[in-house]
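These notes are about the structure you will find just below.
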Amino acid sequence: MSATTKRLAGHEAIRVKGWLAAHKWLILRRLSQVMFLLVFLVGPWFGIWWVTGTLAGSRTFGVLPLTDPLVLLQSLVAGHLPELTAIVGALIVMAVYAVIGGRVFCSWVCPINPVTDGAHWLHDRLGFSKGWQPKRSTRLWILGAVLAVSAVTGTIAWEVVNPVTILHRGLVYGMGFAWALVGAVFLFDLVVARRGWCGHVCPVGAFYGLIGTKSLLRVSAVNRSACNDCMDCFAVCPESQVIPAALRGRDGASPLILSSDCTNCGRCIDVCAVDVFAFTHRCDTYVKNDEQLADKAA
Amino acid sequence: MPASGQPISPQRRRFLTETARMAGGCVVAGSALAYLVNDARGLPAEALRPPGALPEADFLAACIRCGLCVRDCPYDTLSLAELGVDGPATGTPFFTARQVPCEMCEDVPCVAACPTGALDPSLTNIDDARMGTAVLVDQENCLNLLGLRCDVCYRVCPVIDEAITLELSHNVRSGHHAIFAPVVHADHCTGCGMCEKSCVLPEAAIKVLPVRLARGRSADHYRKGWEEKDARGAPVVEGIIDLPDRLPGPGTDNLTAPGGFEPALKLPGVKP
Ligand code: SF4
Ligand code: SF4
Ligand code: SF4
Ligand code: SF4
């Protein structure tokens, strides 16, 4: 796409499907993010204690414990054997994300996601260059380093800097200078590295990705034969490296986006004017009119 | 280069440099993180951990900073440390006695709320809590030590007459009054902070300090002879003869003391 024809992704989809349909999953996702904040906030704000605690650990309706599995894993390698309540909480969280996709946490729950999405939105409009693009495996290395530091120092190391829990805890219990940290993440994504934090650095996302390697809920390029190469899905996808294999379907490759990097955000479904993508489960390899795709390739 | 003398294939070279680069980056980033972690260890002396908190080093490995203890404290004693504002490690629970002390709830709801065991669930009797130890740090300004009857710290103590007592002594200044000194007994003091909170002075004369600052430690081999003797009901070492004590004053053989007398037996070369 040359600079003169450059326009914002999703333009065509809005024209064809209408604004609402072209933003369906995005709107649902923002609602989910707001909802996950509100359930924690109605307690301190209005005294409605459905959910108590933070994303690191919480108690719902006085009984259901939930624990962030990465925080608990750090606690384990730091040498503390947690009480059963926290362990059960972490197992429940892992079980849920193992089914719906680990990085669903990133796009539907995490309070940092709106921040980095905002940075990306501005980044696009300002036409900044990609900037520093470390390998996707960087976050796995950082995850390893975090666990190593936890083990060596005997503390839950990442919690000292983790913007995810610090922002969430800040909103629920009091911000302090957490804004500065959140601002730093925003600036990092805006000027240093496009999609830098969630896409390359954050070990929390990396860990949830590992949980969801075999997740049931997946996006499929069912209608890939209709793809007109507008590249809008690549432009909006926070992990665009996951798309080509499923979309291009070389050598009859599965239409399912099986990479655990995919956050199941559904934005590719939104912005596609010809409705190539849809949510489905990982055993559904059905492809519409695949012969046409083969013809096209020929 | 392999021993065979063949050059490393480009892919392999790329893989190796890439791995080396990542590992190097991780060492740098990991060291920075370790530095921050160590920096976050320092717990200010005024910041007290909730009842049952594990020793600080273990606590930082255990507490996931969820704040459930904070929410279940009925007196809003506890709060989570805010980034860059409060001294303790970010997000960990603490309280400041002079602001809101711990009311020593009988059912210890904070400990019951903790999902991780960072607050030790074996603490079921709040009297066993050791959040710190009260110390009468300013003996010059304490009203009781000036000879007045303030007694506030003593009266508010939930473990009154065990954790804190009033010890009588003669008031030398006035010559005919008593001084009622507040004395803390660390064996019973829970460190709840009620005394510090209630001290009527603009700056409390009695303060709860972390146990490490408040207390010394006796050497392991020290024994208190008088206790050993009482426990045994007999002298600790057999065959010791109790000689008469030579005290100054009348009745002693010390000539220089008033009422002293000349010793009956004079050893050659020994001056009295
Ligand atoms: S492939 Fe689609 S659902 Fe997955 S992260 Fe990219 S845009 Fe979101
Ligand atoms: S014992 Fe009661 S007052 Fe003290 S910290 Fe726990 S809940 Fe709060
Ligand atoms: S409830 Fe336990 S784990 Fe949670 S903040 Fe309090 S001490 Fe930490
Ligand atoms: S801190 Fe003060 S009030 Fe609390 S138990 Fe100790 S002496 Fe008593």
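Note that Cβ sites are derived from N, Cα and C of the backbone, with glycine treated the same way.
Quick caveat, the model's predicted, so the values are computed rather than measured.
The domain '4Fe-4S ferredoxin-type' annotation in TrEMBL covers A:218-248 (among others). Across the domain '4Fe-4S ferredoxin-type' (A:218-248), mean pLDDT in this model comes to 92.
Summarising the annotation, TrEMBL assigns domain '4Fe-4S ferredoxin-type' to A:253-282 (among others). Counting residue by residue with DSSP, the domain '4Fe-4S ferredoxin-type' (A:253-282) contains 5 helix, 5 strand, 20 coil.
Summarising the annotation, TrEMBL assigns transmembrane segment to A:34-52 (among others). Residues of the same chain lying 6 or more positions beyond the ends of the transmembrane segment (A:34-52) and with a Cβ under 8 Å from any Cβ of it are 58-62, 108-109, 111, 168, 171-173.
If one looks beyond the transmembrane segment (A:72-100) by at least 6 residues along the same chain, the residues whose Cβ comes under 8 Å of a Cβ in the stretch are 57-58, 64-66, 146-147, 150-151, 153-159, 207-208, 211-212, 214-217, 264. As annotated by TrEMBL, transmembrane segment applies to A:72-100 (among others).
The transmembrane segment feature in TrEMBL is assigned to A:140-158 (among others).
A Cβ distance under 8 Å defines the sequence-distant neighbours of the transmembrane segment (A:170-192), meaning residues of its chain 6+ beyond its ends; these are 37, 40-41, 43-44, 54, 111-112, 115-116, 118-120, 122-123, 126, 128, 131-132, 161, 163. The transmembrane segment annotation in TrEMBL covers A:170-192 (among others).
Across the domain '4Fe-4S ferredoxin-type' (A:218-248), DSSP assigns 17 helix, 3 strand, 11 coil.
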